[in-house]
Amino acid sequence: MASDGDAAAPLLTPSGDNDDEPRRRRNMFAFGCATLASMTTILMGYNLALMSGAQLFVREDMGLSDAEIEVLAGSMNVFMLASILAAGWAADTLGRRGTIVLANAFLMAGALAMSLGATYAALMAARFVTSVGVGFARVVAPVYNAEISPASTRGVLTSLLDMFVNVGILLSYVSNYAFAGLPVHLGWRVMFAIGAVPPVFLAAAVLAMPESPRWLAMRGRHADARVVLARTSDSAEEADLRLEEIKHAVAEPHDAGGGVWRELLFRPSAMVRRILATVIGLQFFQQASGIDAIVLYSPLVFKKAGMASNTSVLGATIAIGVVKTCFILVATLLSDRLGRRPLLLASTGGMAVTLTSLALTLLVASPPSTASAAACVASVMAFVAAFSVGLGPTTATK
């Protein structure tokens, strides 16, 4: 890290070549911090999607009904509401880093509880514990990334979250497939138990990260905040500028946030109304698109379409996870070049066509056959590709 004196010395050539190496080191440090924070969302994706394959074995092992399986699989989205609402308070009280560590602790405890659960009530309680960790990670990781990242790489670093969530989903499909050959009473428990290992190492690694400079400034630790900013900014001047902006924001009256909410809810201007309609509409239609149903219930869909073997079904879900992750990369590469709006339009059009194709396939697949199963898998793969290239990742960056 270059010192302030070095930054002030007129050693740079007109092209700034002498500062390239220190700048790269600072960018790599910020990238490492953002990556560690974002990796917790791998566990979020893993735990959300693991039930898609595990439910095939949980139902048989514990004798659960379809309704009980549906509640168990979908309950996490409801349980997460409590932890999401509490995440802001936890991040301000414990710090961003401390909250991420706490999230990993809940994820580890939830995974262990799921693997050891002997009753339906125990499994529901375990899902609640897991949802607390998922909610904390989903809220605090992007906050940490935004606060630690320099302006030049903030867009890239904050986009890591969607990528890692999809990596977690893919890993859950791989886990379903890898342990499907174990005895029914053991296989699904191993799938969940595996998820208890990464949080231990992630929590230890997160403790090696610096705290968010904004949180340090909120605690009056301006010198510590300046040290972190010097390691994550492109220059000493940018570090000083970011610190001044943070100090100014922290010093604003505490009721400023209430004024923002009053403006949003009670006295929105025409421009604010348009922004609210766009943001809320996009978020609503993202969830109403059926993506969660595909992620959680694609194995059941494939079985209905004619796949008899659990191995074939779970292998097909891996292919879907690969397609979903690859098209997230495509969206990342194209979003700045083509713009978000064209990707959203192409995405929603493709999703409408592919969901219609899936519905027609299931409707006419009587009796189910190999051809209908192949058509079903192709429709689902096309659907997740269309979702991942537009409505999935660009909604967060619109």
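Placement of Cβ uses the backbone N, Cα and C atoms for every residue, glycine included.
Just so you know, TrEMBL annotations are computer predictions that nobody has curated.
As recorded in TrEMBL, the features of this protein are as follows:
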{"type": "DOMAIN", "residues": "33-398", "note": "domain 'Major facilitator superfamily (MFS) profile'"}
{"type": "REGION", "residues": "1-24", "note": "region 'Disordered'"}
{"type": "TRANSMEM", "residues": "28-49", "note": "transmembrane segment"}
{"type": "TRANSMEM", "residues": "69-91", "note": "transmembrane segment"}
{"type": "TRANSMEM", "residues": "98-118", "note": "transmembrane segment"}
{"type": "TRANSMEM", "residues": "186-209", "note": "transmembrane segment"}
{"type": "TRANSMEM", "residues": "275-300", "note": "transmembrane segment"}
{"type": "TRANSMEM", "residues": "312-334", "note": "transmembrane segment"}
{"type": "TRANSMEM", "residues": "343-365", "note": "transmembrane segment"}
{"type": "TRANSMEM", "residues": "371-392", "note": "transmembrane segment"}
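Packing against the transmembrane segment (28-49) from elsewhere in the chain are residues 76, 96, 100, 103-104, 107, 110-111, 130, 133-134, 137-138, 140-141, 144-145, 148-150, 153, 157-158, 160-161, 163-173, 175, 195, 198-199, 202, 205-206, 209-210, 231-232, 295-296, 321: each is 6 or more residues past its ends and has a CB under 8 Å from a CB in it. Only residues 6 or more beyond the boundaries of the transmembrane segment (186-209), in the same chain, are considered here, and those with a CB under 8 A from a CB of the stretch are 33, 36-37, 39-40, 42-43, 46-47, 50, 53-54, 57-58, 61, 97, 100-101, 104-105, 107-108, 111-112, 114-116, 133, 172, 175-176, 179-180.
Counted as Cβ pairs under 8 Å, contacts with the transmembrane segment (275-300) are highest for 371-392 among 98-118, 312-334, 371-392. Only sequence-distant pairs (6 or more apart) were considered; of these, fewer than three Cβ pairs between the transmembrane segment (312-334) and the transmembrane segment (98-118) are under 8 A, so the stretches are not in contact.
Remote same-chain partners of the transmembrane segment (98-118), defined as residues 6 or more beyond its termini with a Cβ less than 8 Å from a stretch Cβ, comprise 37, 40, 43-44, 47, 87, 90-91, 125-134, 136-137, 140-141, 144, 189-190, 192-196, 199-200, 202-203, 206-207.
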